[in-house]
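Heads up: the structure comes next, in structure tokens.
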Ligand code: KG4
Ligand code: ZN
């Protein structure tokens, strides 16, 4: 059984083909270079650039997997959430292919896809506790099957990656700022500044706008006084506050839900501290299936959508 999957929800246009659970190809056209000058993703530009990439991405996905379009049995695509212009393009491409070969369409959820990106190289044992940390989302989910996702907590305002990017912009580090802050944090003192650990309560929800404002205020105050900005110390103290809350909420969820798999997904899972937190919590609570997927499957990609489609079909047979 071959499934062709399309992911186009933000600034990546990607096509993957999966055969009986094995990813044959995962072609990703990334636009990061084109958005850098604007300090973030420009929705209209993202949709226009997708249009330029459709043909070569389809062609190279088929060629690199040695697949003829008629051999595809199902066409999966990201239906939501995401940038509307970008999503529509993915849907149109999916509908066109599916109607041409007269095969069923599978509209899928982007975040559920992110979670299944973690199951490409490691089989899930249920229940799964998944932390989704990206530029657009901060979410904890309990997954009982490829059809049962329970969102137990989400951000009430900014997503964690968005917070990293906005703080980095004020620090003059450029876009995307997450990796730059992470790198600087290694050289700084995390106790130099005390930033708020927001939503430090019994809920599983997150809030990052207060932390963002606190860091930006410190930078503005220092600038007004003409003082040098201790960028490494600010980065380290910010990273501590931003990730400590993830650790606290995850630990509480582990105790309550007793997962058999612990994992993380989304671009911020590249963060050194987030990775340490996941691995050390897995060790502390003896969760043998604890893993951090490789970056290709953490950031937006169609392989994660393909794997979700495959697992859904397998579970319905
Ligand atoms: O999942 P993703 O590629 O795109 C979205 O769907 O949002 O995530 C991108 C986000 C950006 O905010 C970027 O700054 C952040 O992931 N990021 C990091 C790191 N690497 C990427 N944030 C913190 N530390 C990192 N090492
Ligand atoms: Zn994403």
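Just so it is clear, glycine is given a Cβ too, placed from its N, Cα and C backbone atoms.
Where the annotation comes from TrEMBL, it is an automatic prediction and has not been curated.
The following features are taken from TrEMBL:
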- 110, 114, 300: Fe cation binding site (BINDING)
- 132, 133, 134, 135, 136, 165, 178, 182, 271: substrate binding site (BINDING)
- 22-307: domain 'Gcp-like' (DOMAIN)
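A map of TrEMBL features onto the structure.
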residue: 110; record: Fe cation binding site; DSSP (3 states): helix
residue: 132; record: substrate binding site; DSSP (3 states): strand
residue: 178; record: substrate binding site; DSSP (3 states): helix
residue: 271; record: substrate binding site; DSSP (3 states): coil
residue: 300; record: Fe cation binding site; DSSP (3 states): coil
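Counted within 10 Å of its Cβ, the other Cβ atoms near residue 300 (Fe cation binding site) come to 27, all protein chains included. The binding-site residues near ligand 2, defined by a Cβ under 6 Å from one of its atoms, are 134, 300, chosen from 132, 134, 300.
The number of other CB atoms found within 10 A of the CB of residue 110 (Fe cation binding site), across every protein chain shown, is 24.
Ranking the binding-site residues 136, 178 by how many other Cβ atoms lie within 10 angstroms of each Cβ puts 136 at the bottom. Proximity to residue 132 (substrate binding site), defined by a C-alpha to C-alpha distance within 10 angstroms, is shown by the following binding-site residues from 110, 114, 300: 114. Other Cβ atoms within 10 Å of the Cβ of residue 271 (substrate binding site), summed over all protein chains shown, number 25. Rounded to the nearest whole angstrom, the C-alpha distance between residue 271 (substrate binding site) and residue 300 (Fe cation binding site) is 16. Proximity of the binding-site residues (114, 134, 136) to ligand 1: a Cβ under 6 Å from the molecule is found for 134, 136. Annotated pair residue 300 (Fe cation binding site) and residue 136 (substrate binding site), C-alpha to C-alpha distance, rounded: 11 Å.
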